[in-house]
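Features as listed in TrEMBL:
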SIGNAL    1-21  signal peptide
REGION    76-96  region 'Disordered'
DOMAIN    126-268  domain 'Cupin type-1'
BINDING   His171, His173, Glu177, His216  Mn(2+) 1 binding site
DOMAIN    307-448  domain 'Cupin type-1'
BINDING   His352, His354, Glu359, His398  Mn(2+) 2 binding site
ACT_SITE  Glu412  active site, proton donor
Amino acid sequence: MKLHQVSALCLVAALLDSAASAPAVPSGALRGSEDLLGYDSNNKVPQPPTVIPPDEFELAPGQSEDADLGVPIDLTNVKNPQPIRGGKTGPTDPGPRTYAYDRLNSDMYAPPATDAGDFTNGKWPFALSHNRHGLAGAGWARQQNTDQLPVATAMAGVNMRLSPNAYRELHWHKAGEWALMLNGSVRIQAVNENGETFIDDLTAGDVWFFPAGIPHSIQAFDDGCEFLLVFDQGDFSEDETFLVSELFERNPQSVVAKNFKTSVQDFKDLPDGQLWIFPGTPAPKNISAQNVTGPAGAIAQSDSYSYHFSEQQPYEVDGGSIKIVDPATFPIAKGFSVALVTIKPGAMREMHWHTSSDEWSYFLAGSARLTVYQAPASSRTFDFSAGDVGYVPFPNAHYIENTGSDDVVLLEVLQAETFSDISVGQWLGLTSGQIVKDHLKVPDGFIAKLSKVKQYIVQGSTNLTDVQ
């Protein structure tokens, strides 16, 4: 056994040895003697080694660099990774530990020296959320709200899957529902308070929005679908939506019959319990077959509950792209301003902050890190990969850096009427060079490089340990 394993495993080994030699009939005592209390001159405490020698672990590229540089480190394929920054031998971690967590969260495990103070957790992987399954394999949903991520007080998220032809049953919410299609295709339908109806078919990359209180349904087509939902209440729970099945079950049948001017016999086959997510019959391919309208007609196009975001061309910059959908182009989605951002390898979403809203982020692809600066002197760096949620409270400054070899794709969601931010680079570029130099003691060359135009994304070297 190696030296670093002795301390971490001694207790486990003792327990296992005890269990292996335990008699079939219980013996011994649950509690020890009072003689074990405090100091005893006759008690010789063992002192097994806990420091892991350098020949029993590896350092990732950049891990021994100056800790203030804080270059990204990749622990994915490193033997026995250790929480070292700016050194080669320590500190080490003899365990117990879960290696997978350490490898996924290198900037938490071995943080840059610039991280300081206290900051609440700003990351939640959907993979750690309870996955609630629908009826008969019809799909599933998992959520993130303030129970999982307490800092996320303004928004909550749900990741939902519908199997082929399955429904998310007719329902409504106390919160507004903004959605991004992740894959597959779907038909959505709704009715507003004026009796105007809405129906549309959406595919991956498209979005919808249903205001609070608007009843709607969602049905997958033959290929099934998956989508992301964002709600404008941090404590929203997917388990507390208003369901048509429960509406009928929780009212006296005589009242329901009177309401619909029919017989109670019409309700003898009502489902027992909520449907939530359940199998359905295939939707007709011709959308007009399900397009029901009354005297009020259909909802006007300007008030549409859907936006075909997949067809919008992005704004391309050196290092990636960005495309925005907010009430300027999707008027019904009041208060939801969203950017879909692609960051190329070696690039970063520039340092910025938002002036009126927290930021709720969802990572669709790639690996990245984000440092949050909170006044007056706190910062924390988090690592993200596909399926993770991030949250930055207003008006904390932050960036998002691509730390991998593939594109990072993420969604930035604001509770604002317009998607906007303050670019740190543009702010300094539009400030007198004298003022900037007096504050930061930077050379004239730095002043000359400052841009007067917002960059959104800044391209850097794909060698992340290459610091000029």
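Including glycine, each Cβ sits where the backbone N, Cα and C put it.
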Statement: Here the 10 Å Cβ neighbour count for His352 (Mn(2+) 2 binding site) comes out at 21
Query: Which value does the mean pLDDT take for the domain 'Cupin type-1' (307-448) in this predicted structure?
result: 97
Task: Helix, strand, coil: count each for the residues of the domain 'Cupin type-1' (307-448), based on DSSP.
output: 22 helix, 69 strand, 51 coil
Task: Starting from the Cβ centroid of His352, His354, Glu359, His398, the recorded Mn(2+) 2 site, name every other residue in that chain with its Cβ within 8 Å, sequence order please.
output: Trp353, Val392, Pro395, Asn396, Ala397, Glu412, Asp421
Field: Candidate with sparsest Cβ neighbourhood (10 Å radius) among Glu177, Glu359, Glu412, the listed recorded positions
entry: Glu412
Message: Taking 10 A as the limit, how many CB atoms besides its own sit near the CB of His173 (Mn(2+) 1 binding site)?
response: 23
Message: Spatially, which candidate from the binding-site residues His173, Glu177, His216 is nearest to Glu359 (Mn(2+) 2 binding site), comparing Cα atoms?
response: Glu177
- request: Using DSSP, break the region 'Disordered' (76-96) down into helix, strand and coil residues and give each count.
  value: 0 helix, 0 strand, 21 coil
- prompt: What's the CA to CA span in angstrom from His173 (Mn(2+) 1 binding site) over to Glu412 (active site, proton donor)?
  reply: 23
Message: With an 8 Å cut-off on Cβ distance to the His171, His173, Glu177, His216 Cβ center, who else from the chain surrounds the Mn(2+) 1 site?
response: Trp172, Phe210, Ile214, Pro215, Thr241
- line: Cα-Cα, Glu177 (Mn(2+) 1 binding site) versus His352 (Mn(2+) 2 binding site), nearest Å, comes out at 27
Task: Taking only the Cα atoms, work out how far His216 (Mn(2+) 1 binding site) lies from Glu412 (active site, proton donor), in Å, as a whole number.
output: 25
Sparsest-packed of the listed binding-site residues (His216, His354, His398) - C-beta count within 10 angstroms: His216
Statement: Across the domain 'Cupin type-1' (126-268), DSSP yields 26 helix, 65 strand, 52 coil
Statement: Here the 10 Å Cβ neighbour count for His171 (Mn(2+) 1 binding site) comes out at 21
